[in-house]
Amino acid sequence: MLKIGSHVSMSGKKMLLAASEEAVSYGATTFMIYTGAPQNTRRKPIEELNIEAGRKHMELNGIEEIIVHAPYIINLGNTTKPETFQLGVDFLRMEIERTSALGVAKQIVLHPGAHVGAGADAGIQQIIKGLNEVLTPEQTVNIALETMAGKGTECGRSFEEIAKIIDGVKYNEKLSVCFDTCHTHDAGYDLVNDFDGVLNEFDKIVGINRLQVLHINDSKNVRGAGKDRHENIGFGHIGYKALHHIVHHPQLTHVPKILETPYVGEDKKDKKPPYKLEIEMLKNGTFDEGILEKIKAQ
């Protein structure tokens, strides 16, 4: 079974149940959530996440595994503000606890961090320090380090940087990787003409067994732009053919594929989620040039 889904919202009183219902309405077989707002520290208590009802709904609809994304405010790479670094450590610990309580997620996707001007080496050492403070041999969920585009002072823009972080962490069996197609393309990897070569390079440097999550996004920018701007499937510089190849790649069948493509529409208040039709299009193997109009008409 193809494990494909998108980012969905866990909100209101229904929480996990609402997220599962949204995912099922898109024809998804997995999904990704934040356990609260990605840009702040406000979090509902675990008891209010409606876990039991959410899990029951998932089970009825054949969804076995989901992904959690850590909030953006975590920056383990910050060497200049100890309070920012400490917030990241404390908050990541809490996210591990919340994700464990869900019982259906094995991976927490984390942007490794930004060095905010101290240089990549200093940032990477700080990220290693943070992960060494957070990870324990007992934890049941992994931290999936996301491949980054290289925007600003982001660390993790190359497979070598990801490998350097992993190598420095004591309990690194608790680390995996989330491979983001837009980010790796924007960082300079040639997914369009040589994805197999890129995957082999990843295997040599990091190890393909660590690749546990895929973010499937097209890119608004040319390869190597270092920008990180997602585009709808088939309308960017990666294109439908390459993304379809990645989604159905025989070495990645077990890996959950998560779409984070932009909502569609000119009216900011009435943008439509593209996921139902994009998932359908990635399943059926044919690019639909009129898909954006169909999404708007939903």
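A Cβ is built for glycine as well, from the same backbone N, Cα and C atoms used for every other residue.
Given the structure is predicted, the values throughout are model-derived calculations rather than measurements.
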HIS69, HIS111 bind Zn(2+) 1 in Swiss-Prot, but which of GLU21, GLU22, GLU138, GLU146 does that record place at the same site? GLU146
Among HIS115, HIS183, HIS185, which residue shares the Zn(2+) 3 site with ASP228, HIS230 according to Swiss-Prot? HIS183
Of HIS215, HIS237, residue recorded by Swiss-Prot at the Zn(2+) 2 site of GLU146, ASP180, GLU260: HIS215
Cβ packing number for GLU146 (Zn(2+) 1 binding site), 10 Å threshold: 22
By a simple count, how many Cβ atoms lie within 10 Å of the Cβ of HIS215 (Zn(2+) 2 binding site), its own Cβ left out? 26
Provide the three-state secondary structure of HIS183 (Zn(2+) 3 binding site) computed with DSSP. helix
